[in-house]
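**Q** My questions all concern the structure below.
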Amino acid sequence: MPPVTIPQALKLAIQHHEAGQLREAEGIYRQILTVDPNHAEVHHLLGVIAHQCERESEAVNWIRRALELGLVSASAWSNLGEAYRALGRFAEAIEAYRAALRHNPQFGAAYANLGLALRQNGQIGEAIEALRQGIHLLPDHLDAHRNLAACLAEQGRLDEANAHYRLVLRRRPDAADSWFDLGVVLTQQEKLDEAIAAYRRAIEIDPQFAQAHHNLGAALVDRGDWDAAMAALRQALALQSDYVEAHYNLGNALRGAGRLDEARAAYHRAIELRPDYMEAHNNLGNACKAQGRGDEALAAFRRAAECPGASAGVFSNLISLLHYLPGVGAHEIAEEHRRWNRRFSDPVTPSVRAHANDRNGGRRLRIGYVSPDLRDHTLGRNLLPLFRNRNHEDFEVICYSEVLHPDERTAEFRGLADQWREISRESDERVAEMIRQDEVDILVDLALHTAGNRLPVFAREPAPVQVSFAGYPGSAGVDAIRCRISDAYLEGGVEKNAGSWERVYLIDSFWCYDPCGMEVPVNALPAAETGRVTFASLNNYTKINEPLLKLWARVLAAVADSRLLLLSPPGSHRERVLEIMRAEGVREQRIEFVAEGPRREYLERYHRVDVMLDPFPYNGHTTSLDALWMGVPVVSRAGEAVVSRGGLSQLSNLGLRELVAFSEEEYVKIAAGLAGDVPRLAELRKTLRPRMEASVLMDGARFARGIENAFRAMWREWCEGEVRR
């Protein structure tokens, strides 16, 4: 048989190569090199096989040698780029692809691969340009469309990304990964139903797609479909037991469903797998807080604040919690305010620009309200009287809404504002610039350190006058917010906001109550029918603590056969309450727990209550107003902190200051005395609602004028150069 020539051997090797018979092809290529060690194309093809076998360093060496031997080939440069990219050497990959394009400017695949390498190297703008060029040359290059969609999504160009993913799916309808990617974009577009459908389609195609199960669960959490979310997330964990984010989001689903013990366990598992998981520490803190586990919540928030990239929201959660904890003083809260400023105000202070607003003290003012709660929420209901009764002639209103799930109440707020801006998807820098461009005169923070606040926007001082109000009584502690609105009863405590520089503007009442059309009638006094008094606390359980439970045990001990109705999510903390009560000599049969429910059901629970017991140190606020509206008197204890004086403010404005105690002994005496005076309880039952209606607590016009007068006063002071740090 005649000897085989090199061209014949090369032809045979390429046939094996194209047939996927890599071992046979590689053997022949190597035999050729024993005869012709400098055969450049064979070096290149051996590099291609090495890349196909994931021997990337070897691939680089083979292809570079081919090029050194003088091979002139756009494909060789492109293949070198692929090997470099597989090694994560993106800069070298980019240079290789560009060399390929110098040899062949019409090489569409090289543009597509260049775009991918640029994206992986963080050069998103250049990646988009390269991918578009690749698609121009190869319109049917679906991977280029998919990578372009991913780049567009990274730039926030979600509509364009959506369109490219859908183009891919029209041509490749069974591509589970593209359905998944489309779901991610739809989630970012807040099109949850469509996102959920996309994730489900990905799972239909690939039931083992753990990440699709996880993202489906996370989207269901966002929609509040707790049971379906738990099922999806547990499936993700069945496929991948160490899936950290799935444990975290399972915790979120369980917390949303009120299963707080299980939620804490899920967060702990996520933290075991990723000790610096800031979000898991943070939400562990939220779960502990909801169970009244104040010390554990504080530890979790402090640990979250130590994690890399800890957000302003984590520090806000810590600050907010401190207001609830017994024994925490103003100086400790002020120190956390200072820490917040060092972390989030000081870095942006050098970029603060002077304001050119017209210093005319009497002109029409532009007021900007920033809030996550312009919705059916306790704060939203308290603000409606201000919006409904505002002075349109002297004040223009712009709302900067952080509301994630708008409702009918949001629509009402929107209708009452002159302009409306959605900011939930905007960065702090972008929102601050938006406010500057709107030429806002007075910017009002309506959240302080509650969830969803945008205090980092205020740190950038986009308006000349910045004021806090409504989120809770007291100070936001942000250097750039130099005014706040309060009332005289709240501000009468000995303990002021330590280190506070703010000017405080007083109105008649910090609150203005509006039942918002919820027609629930006042019933007859329950004690007159049952023969025993029922005390209650239907406040957020975060406000409940061990010293308070012991105080309530003393009240129950002082009133024979009385009962305590306590709003509490299910969980081990209920048994903790009973343990404390038993230790204080109160039988557990006298304690009844109820879970949260719809607003009407919540208001109807007051039909069973004779006397409300106000928590301490963080008094009830809107909850107390609900009780009074339902004819139920509130026994309150006032302290030195501003949040400890809500009951004093509300009851004083109703002419019922005698229901306010200033010590534990006085609290027990007032509660027991009121419980023993059934005729007075019956009279209060009949008269509290009309008394509220006739008071400043429901005078919306007076409330609005008071706030607007405060705005005018602080504006004039700024015009005269008086409002400054």
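Keep in mind that glycine also has a Cβ here, set from the backbone N, Cα and C atoms.
TrEMBL annotations: computationally assigned, not manually curated.
Got these off TrEMBL a minute ago, pasting:
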DOMAIN    359-489  domain 'O-GlcNAc transferase C-terminal'
DOMAIN    533-704  domain 'O-GlcNAc transferase C-terminal'
REPEAT    74-107  repeat 'TPR'
REPEAT    108-141  repeat 'TPR'
REPEAT    176-209  repeat 'TPR'
REPEAT    210-243  repeat 'TPR'
REPEAT    244-277  repeat 'TPR'
**Q** Should anything in the same chain at least six residues away from the repeat 'TPR' (244-277) have a Cβ under 8 Å from its Cβ atoms, list it; otherwise answer none.
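**A** Cβ under 8 Å, 6 or more out: 210, 213-214, 217-218, 220-221, 224, 226-227, 229-230, 233-234, 236-237, 283-284, 286-288, 290-291, 307-308, 569-573, 595-596.
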**Q** Could you tell me what the rest of the chain brings near the repeat 'TPR' (210-243), counting residues at least six beyond its ends with Cβ under 8 Å?
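**A** Same-chain residues near the repeat 'TPR' (210-243) but 6 or more away: 176, 179-180, 183-184, 187, 192-193, 195-196, 199-200, 202-203, 249-250, 252-254, 256-257, 273.
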**Q** Tally the residues of the repeat 'TPR' (176-209) by DSSP class, grouping H, G and I as helix, E and B as strand, and everything else as coil.
**A** 27 helix, 0 strand, 7 coil
